[in-house]
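Contents: one structure, followed by commentary.
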């Protein structure tokens, strides 16, 4: 196709391109531009007006000379395409095609920090085995050491949730990561100093980590439209579960090569690098981000429900009190779900390396491998649960029904798997049942975890913190209780059966009283 002249642009907002005039190269009036196309140019949508590729041009006059420029705007991009050379035009196109939506960057950084969050916890779960041998700790005292992380975690969950509602997830999470990275690097030093120092440092570590989940859920609720929120949480929690894999696989290797301090120094250093990246990139609200395009911002805002859109502007006087939150059964459905989830989760997180070593007499690296496999599959199934949840809501299923379906899978499935675990005769069989239990439990992420934003969008951080505090208390009881049960009865079977029963009872309560509608 030859073009000796260019037609005027029909963009309704073509005046906005005048700002790009310094980037345009004038062409003499008699210059002809030959465009040879192998296939037809697709139509380009200029906001509310559609034009064809033959019309993508604007004629300007100024200074007694004709100026010709090609204008292109697609999906919110307003660019002047330089006609001075093929390289410049190719560079503009490549830049446009390589642009990643900013909300994807936010969820990627969130997933990375959730990975570090759990990896830092798991380091101690593995390192506690050589420490126990070195200092001669009993099984019951081992449970106390394992639970010391939760002593600080139980308080910071509630306080951190309130801070997230007031100051936003960005600052609270950044301070949390900086402080828990400091506690991580101090852990081996404290262990060599005294048992009391070790317990104090682990409690401080839990205090810093308690802000992670409330910050994550609140921040993602602001950065993602409602029909993408479950997937975003699924990706972030996939990072959280992969942290178990990273910690369980790397820690034994570093313990045997570098020494006890090796994995603690590594993960604390990674945390500080993440803080530097996060501080310069992410904002509490997408509208404040300098990396956010107008089209993406409109997409996020259009995908918000009225309640979630107004949550950030709600004043503290309009937010419900603690008594009001506890007066509603949907709140209790979420609280009890969190209690049960943490009970089972921390039993498996803290005791799996010890379980495989005690029951099947495998060495530390083999125990770490068998313990890591279930967490890897849990990361995938958590993402799958989030994507399936968003899909069901998009096709018309109610939020309430979707939350109950996901939560039922997340509790009934693990309960059955733990009952079967009592009959495992080999480490491979046991790993299969633990894998099934953890993979299915990750469906809770698309159940009660998202349900917090559903019923209380204006105070989700505080409600999440309150639920986490109750869940942390349950985790302390289960972590210490496992040690005493094992020492008393000589096996893990009784405690696994108790945990399975708790899963079944809570699944019934949640299905009776949970709702996906806004309550507060």
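Just so it is clear, glycine is given a Cβ too, placed from its N, Cα and C backbone atoms.
Automatic, uncurated: that is what TrEMBL annotation is.
What TrEMBL records for this protein:
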type     : residues : note
DOMAIN   : 106-518  : domain 'Major facilitator superfamily (MFS) profile'
TRANSMEM : 141-160  : transmembrane segment
TRANSMEM : 172-191  : transmembrane segment
TRANSMEM : 197-220  : transmembrane segment
TRANSMEM : 232-254  : transmembrane segment
TRANSMEM : 260-280  : transmembrane segment
TRANSMEM : 329-352  : transmembrane segment
TRANSMEM : 372-393  : transmembrane segment
TRANSMEM : 405-424  : transmembrane segment
TRANSMEM : 430-450  : transmembrane segment
TRANSMEM : 462-486  : transmembrane segment
TRANSMEM : 492-513  : transmembrane segment
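Fewer than three CB pairs closer than 8 A are found between the transmembrane segment (232-254) and the transmembrane segment (405-424), and contact between the two stretches is not assigned (pairs 6 or more residues apart). Beyond the transmembrane segment (430-450), the same-chain residues lying 6 or more positions past its ends with a Cβ under 8 Å from any Cβ of the stretch are 217, 229-230, 233-234, 237, 241, 333-334, 337-338, 341, 344-345, 348, 352, 355-356, 359-360, 370-371, 373-375, 377-382, 385-386, 388-389, 402-404, 406-411, 413-414, 417-418, 420-421, 424, 467, 510, 514.
The recorded stretches the transmembrane segment (462-486) and the transmembrane segment (329-352) share 3+ CB pairs below 8 A when only pairs 6 or more apart in sequence are counted, and are therefore in contact.
In this chain, the transmembrane segment (141-160) lies close to the transmembrane segment (197-220): three or more C-beta pairs between them fall below 8 angstroms, excluding pairs fewer than 6 positions apart. Remote same-chain partners of the transmembrane segment (372-393), defined as residues 6 or more beyond its termini with a Cβ less than 8 Å from a stretch Cβ, comprise 226-235, 237-242, 244-245, 248-249, 348, 352, 399, 402-403, 405-406, 409-410, 431, 434-435, 437-443, 445-446, 450.
Contacts between the transmembrane segment (492-513) and the transmembrane segment (329-352): present, as 3 or more C-beta pairs lie under 8 angstroms, all at sequence separation of six or more.
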